[in-house]
C-alpha cells in the first residue's frame, strides 16, 4: 500500500497538485470579482438595476480572461522542449509534468467553454433587465434606449452583443472540432478550425470596447443611495407618517452633493492575452522558419495495429524528448 502511494505521488502527484492550484486560482478570481460587483459602492446603482446578473457575468468574464491567458502557454512546444531538456532540479518529475501540457491545455479550453456558457446566459438576463428596469433617474447607466426595448435589439445593435455572437460561433466550431470523433477521423478539420484562435483573440479584445457595464466615478460627492436634494423638504399635503418616515431617512442617509456620474471600464482583456499571444505567435514564426529546411524521408514501414513508421533526415536537426511531428496533407 505504501509503495503504491509513493508511486502514485511520484507519477501523478505534481499533475494533480497543479490541477488543484489551478482550480483554487479560478475559485478565488471568481469569488473576488463576484463580491466586488455585488457589494462594491461604485457598482451600487448597476447592481440595483441588474441584480445577480452583473455579478455572474463579470465573475465569469474574469475567469475567461484568466484561462484565455493560460490556454496558449502549453502550446508553446519549442519552449517546453527547451525546458524539458534543461530541468535539473525536478529531474523526471518535472519532465512528467511538462508532458501533461496538452492535458492542461484541454482543461483550460474546457473551462473557457463552460464559463462562456455562464457568461452568455448572465448577459442574456442582463439584456432583459436593461429593458425591464430602465432607469429614468440615471439615463447614462442604461444600455437600452428606452423602457421595454426588445432585448434582441440590444444584443444585435451593440458592439459587445455582435462580437459576443461571433465569439460564440467561433468557440462552437473550435469545441466541436476538438471532439475525438472529429480530431481523430478528420484531423484537418481540427487543425484549421483551431487556427481560428487568432480571429477569436482579436474579436475578444474588441468585445469589451462597447462599455456595456459602467461604474460610478464620483463616490466622494455622491454617496450611493443618498437622497436627492429636492427631497429634502416637505409638501403641504404630506401626511404625518410620511413626514416621520422621510425625516428618519434623512437622518440615516446623506443628501446627494451632485448627480451620480458613470463611466465605462478601461478594456483590460488585451492586458491578459497580449503576452501569451505574442509568445505563441513568435514561436510559431520560428517553427515556420525552421520548416524551410528540406526533410528527406528515408523509409516508410507499416506495422500492426495501423502503425506507420517514418524515418527522416534533416540537416542540422537533433531530436529531443518531447518533440512531435504534425503532418498536414
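Glycine is no exception: its Cβ is also placed from the backbone N, Cα and C atoms.
Range 189-213 is the one annotated as transmembrane segment, of 114-138, 189-213, 214-238 (source: TrEMBL). Among 16-39, 59-83, 189-213, 189-213 has the largest number of CB pairs under 8 A with the transmembrane segment (153-177).
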